Amino acid sequence: MKNNNNKPLGIRFIESIKKSSLSFKTYQVIVLVVTFFAYTCYHANRKTTSIVKQALDPQSLGVGPNLPWQQNSTLRDGWFPFDGPNGTSMLGDLDVAFLFVYAIGMYFSGHVGDRMDLRVFLTAGMLGTGLFTALFGVGYWGNIHSFYYYLIVQMIAGLFQSTGWPSVVAVVGNWFGKKKRGLIMGIWNAHTSVGNITGSLVASILLKYGWGWSMFVPGILIAFSGTIVFLMLPVHPECVGGNKDEDEVLSPGKEDEEVNEPLLRSDIEEESAVGFIEAWRIPGVAPFALCLFFAKLVAYTFLYWLPYYISHTAIDGRYLSNEESGNLSTLFDVGGVVGGILAGYISDQLDARAITAATFMYCVIPALYLYRSYGHISMTINIMLMLITGVFVNGPYALITTAVSADLGTHSSLKGNSRALATVTAIIDGTGSIGAAVGPFLTGYISAKSWNAVFVMLMGAALVAGLFLTRLVVTEVNGKFQELRSRGSSRPMSTDLEV
């Protein structure tokens with residue numbers, strides 16, 4: 001067990017005032033709140049570019065008629081070089097550069113995260129993310145019109161952003177076992193949608209004062225949040241003198257069962273970190289990683305392009321302003337919150353992660369078709385279909401990146417080794433993030449010709465995502481049938497014994 005000097009400074013300060021140690025449950029609450037707040041800031045910073053791009057490239061690109069009231073609209077403003085004929089493609093290049101570096105950085109971040117203090121690692125990532133997000137906004141006041149300035153800043157920001165997800169999932173996985181993990185992490189994963197909503201609202205509100213503020217303010221906020229993480233986040237129960245046996249939630253067995261192979265062993269100093277190739281070989285990692293590739297392709301296309309799509313699509317015969325489009329797009333993330341919680345709860349009840357994720361992905365296909373075909377009829381229909389789409393798109397994305405990653409990072413084949421969580425999380429989300437880069441990149445080019453083609457691409461991606469889980473789905477279904485048969489065969493036996 002580690003010395004109490006390893007406690008974060010903020011925790012020691014609270015305990016000095018309280019004059020007693022905090023309870024195990026209190027530490028769990030602190031972990032959930034701090035990591036929730038941290039990743040909310042990560043996603044808020046990531047979302048700002050989708051709002052700002054409306055101001056950088058306001059051209060309608062022929063996706064709808066130029067109506068009379070648009071002539072004096074802010075849609076006619078822009079920022080060189082993004083306001084030219086290739087502006088949409090250039091913005092797509094920024095997205096793919098950010099996400100490509102983010103995806104590659106994810107693999108290294110997981111590897112490094114399992115080998116150093118995650119609190120320090122996460123803090124450094126948040127400070128770096130804040131700095132380079134703010135530097136993107138500085139281009140507004142510095143009157144910078146070089147495409148390569150924004151490209152390089154986005155790439156470095158993507159590298160720092162890659163530190164976030166492996167770190168927060170590993171920390172939460174250290175404190176919470178598999179029991180009810182789907183529901184707990186489904187609720188906790190609302191930080192993704194809350195961050196998107198917060199980033200959209202903040203950036204939309206500040207856009208009227210100049211697009212630079214929409215980047216600069218979120219950058220300052222995440223840097224400040226990084227200091228909170230450094231002061232308050234206990235990475236592991238042992239670092240605060242705790243023990244995993246203090247709460248049943250960390251035990252993979254029932255209360256009255258002896259745990260012969262603990263989920264997380266307390267002798268973490270003797271554990272060796274799991275290698276990259278070894279982590280890929282854990283059963284279930286590869287199919288879920290490939291599924292997430294296509295799931296994030298869909299989710300991130302909405303993340304980066306939904307406000308732009310809304311502002312360039314007439315709803316009930318009217319084009320919305322940049323601010324209105326940004327605010328409306330947040331409803332997609334409201335649906336995402338519901339989807340994440342629902343997917344986690346269902347997968348816990350069924351004890352079937354693959355069945356749940358695949359079912360949601362197949363439901364994405366009709367949801368996308370309906371939104372594209374009927375979303376323009378009226379604002380009410382648009383909102384309803386957007387909420388439904390958000391539920392099915394973000395549900396499996398949330399489930400795979402949280403509960404599934406934590407499950408596989410503590411797989412029985414690891415024999416209790418807790419130093420695989422960040423690596424496994426990084427492999428799954430890193431692979432997904434490559435898809436997240438491909439989607440917005442392709443959309444930047446395809447949307448210039450046809451939004452119908454974009455939606456066909458997204459529906460195809462959703463189908464392939466579900467198909468990658470087919471083998472796991474079959475395994476889970478067979479397991480359920482065997483369980484039912486064993487229950488049915490045991491009932492007559494118990495009746496005979498009673499007789």
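Backbone N, Cα and C atoms are what each Cβ position is placed from, and that goes for glycine too.
Pulled from TrEMBL, these are the features on record:
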type	residues	note
TRANSMEM	21-39	transmembrane segment
DOMAIN	31-478	domain 'Major facilitator superfamily (MFS) profile'
TRANSMEM	90-108	transmembrane segment
TRANSMEM	120-141	transmembrane segment
TRANSMEM	147-176	transmembrane segment
TRANSMEM	188-207	transmembrane segment
TRANSMEM	213-235	transmembrane segment
TRANSMEM	285-306	transmembrane segment
TRANSMEM	326-347	transmembrane segment
TRANSMEM	354-371	transmembrane segment
TRANSMEM	377-399	transmembrane segment
TRANSMEM	420-442	transmembrane segment
TRANSMEM	454-474	transmembrane segment
* Between 0 and 100, where does the mean pLDDT of the domain 'Major facilitator superfamily (MFS) profile' (31-478) sit? -> 83
* Count the CB pairs under 8 A between the transmembrane segment (188-207) and each of 21-39, 213-235, 326-347, 354-371, 377-399, then give me the winner. => 326-347
* Hey, does the transmembrane segment (377-399) touch the transmembrane segment (326-347), meaning at least 3 C-beta pairs closer than 8 angstroms, sequence gap 6 or more? -> yes
